[in-house]
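Student: One structure is given below, represented as structure tokens, and several questions about it will come after.
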Ligand SMILES: Nc1ncnc2c1ncn2[C@@H]1O[C@H](COP(=O)(O)OP(=O)(O)OP(=O)(O)O)[C@@H](O)[C@H]1O
């Protein structure tokens with residue numbers, strides 16, 4: 001049925017339904033082939049065939065409710081019968097191609113306008129995942145559309161920190177054909193290896209893969225997981241200078257890199273090394289974040305549990321290294337103090353940047369997010385697709 005063959009009541013209903021968005025794709029269901037040939041009889045009774053992408057679609061109830069409400073609110077409609085079915089394979093393939101385009105390139109290549117920021121550290125346990133998740137939420141709160149890839153395949157913790165994994169059960173991505181839609185939480189689209197373990201409990205499941213398998217997994221995350229037009233993609237890398245860091249360098253050479261360290265000298269040493277690997281693969285280090293800095297005591301003194309100066313030391317060494325030639329100077333973006341509430345927010349899946357923005361650690365992370373958002377993406381080396389005129 002086309003707009004020419006619809007009665008005016010049917011056209012009014014179609015227009016009303018075009019204001020209902022698919023909650024995962026964020027586009028009108030009428031554009032996505034999810035509404036079939038609708039009918040309105042002379043008494044104003046409407047029949048709406050609604051096609052869901054897959055059986056058991058997690059958003060099914062919400063879509064059906066919104067379609068019913070929109071139908072009953074359309075001009076002249078007196079009754080609504082919503083006939084829910086599931087797309088056949090050809091319709092599903094058409095849906096995927098409509099959303100993603102016919103080809104399946106690795107997303108976020110050199111011509112993408114999405115800023116890609118990989119977060120790295122030398123040592124484990126310095127708070128890299130907590131900061132990456134909190135920065136993602138803070139950037140989303142500033143109105144940016146944000147994706148987050150948990151590439152820390154051995155130590156994946158992002159689903160837990162963001163409340164997508166509770167009591168051993170982790171949110172699952174929706175699969176439509178070969179397209180994977182990442183779960184969204186606190187405004188961030190998140191994908192993690194922890195979401196691909198089937199029924200295994202992520203708390204007690206080890207992922208022990210060699211380099212090629214890791215490379216393929218990251219490549220699949222960037223090819224099959226559909227993030228849409230996002231402003232920023234954050235990647236939580238495993239600590240150190242291993243296979244994943246090198247894969248990211250190959251797959252996303254335009255990625256910018258944030259380095260997380262603690263104030264401790266031993267952490268600073270290895271943090272510098274991980275940043276140098278990133279530079280070797282062509283990535284630009286945009287800043288250093290010092291985490292686990294002094295904890296304020298009730299008597300006003302500050303407990304420097306991990307010493308002081310690690311963040312500044314990493315900045316100095318990166319700026320004085322030979323690899324700094326031709327690079328903009330690296331800055332210390334902030335020093336995040338130790339904070340029991342910040343830790344507790346991550347443990348409970350409710351990041352302190354949302355629930356306790358005045359917490360000293362959360363406040364610094366919010367400030368850093370503001371600084372990163374203000375930097376914008378460097379367009380050096382990027383083809384803008386314009387030809388100079390004389
Ligand atoms: N500023 C902070 N104050 C208090 N606790 C913190 C802070 N930052 C991180 N933590 C806590 O430290 C622990 C380690 O943090 P996290 O898992 O983010 O580190 P990581 O560097 O990603 O570790 P790995 O890479 O080894 O997985 C967590 O329990 C986290 O809640």
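Positions of Cβ are set from backbone N, Cα and C atoms, glycine also.
Note that the structure is a prediction, hence the values are computed from the model and not measured.
OK, TrEMBL features for this one:
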- 122, 123, 124, 125, 126, 127, 128, 129: ATP binding site (BINDING)
- 13-83: domain 'MIP18 family-like' (DOMAIN)
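Are these features on the surface or tucked inside, and what are their neighbours?
Tutor: Sequence-distant contacts of residue 125 (ATP binding site), defined by Cβ-Cβ distance under 8 angstroms and a gap of at least six in the same chain, are 239. Under DSSP, residue 125 (ATP binding site) is assigned to coil, being neither helix nor strand in the three-state scheme.
Remark: secondary structure over the domain 'MIP18 family-like' (13-83) totals 19 helix, 18 strand, 34 coil, with classes taken from DSSP.
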Student: Taking 8 Å from the centroid of the Cβ atoms of 122, 123, 124, 125, 126, 127, 128, 129 as the cut-off, which other residues in that chain fall inside it around the ATP site?
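Tutor: In sequence order, the nearby non-listed residues are 121, 239, 260, 262, 267, 291.
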Student: Other Cβ atoms within 10 Å is the metric here; tell me which of the binding-site residues 122, 124, 127 scores highest.
Tutor: 122
Student: Neighbour count, 10 Å Cβ-Cβ cut-off, for residue 123 (ATP binding site): what number do you get?
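Tutor: Other Cβ atoms within 10 Å of residue 123 (ATP binding site): 19.
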Student: Given the binding-site residues 126, 128, and counting only Cβ atoms in the protein chains shown, which has the most within 10 Å of its Cβ?
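Tutor: Counting every other Cβ within 10 Å of each candidate, the maximum falls on 128.
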Student: Listed binding-site residues: 122, 123, 124, 127. Which have a CB under 6 angstroms from an atom of ligand 1?
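Tutor: Listed by sequence, the hits are 124, 127.
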Student: With every protein chain in view, what's the tally of Cβ atoms within 10 Å of the Cβ of residue 129 (ATP binding site), excluding that atom itself?
Tutor: 27
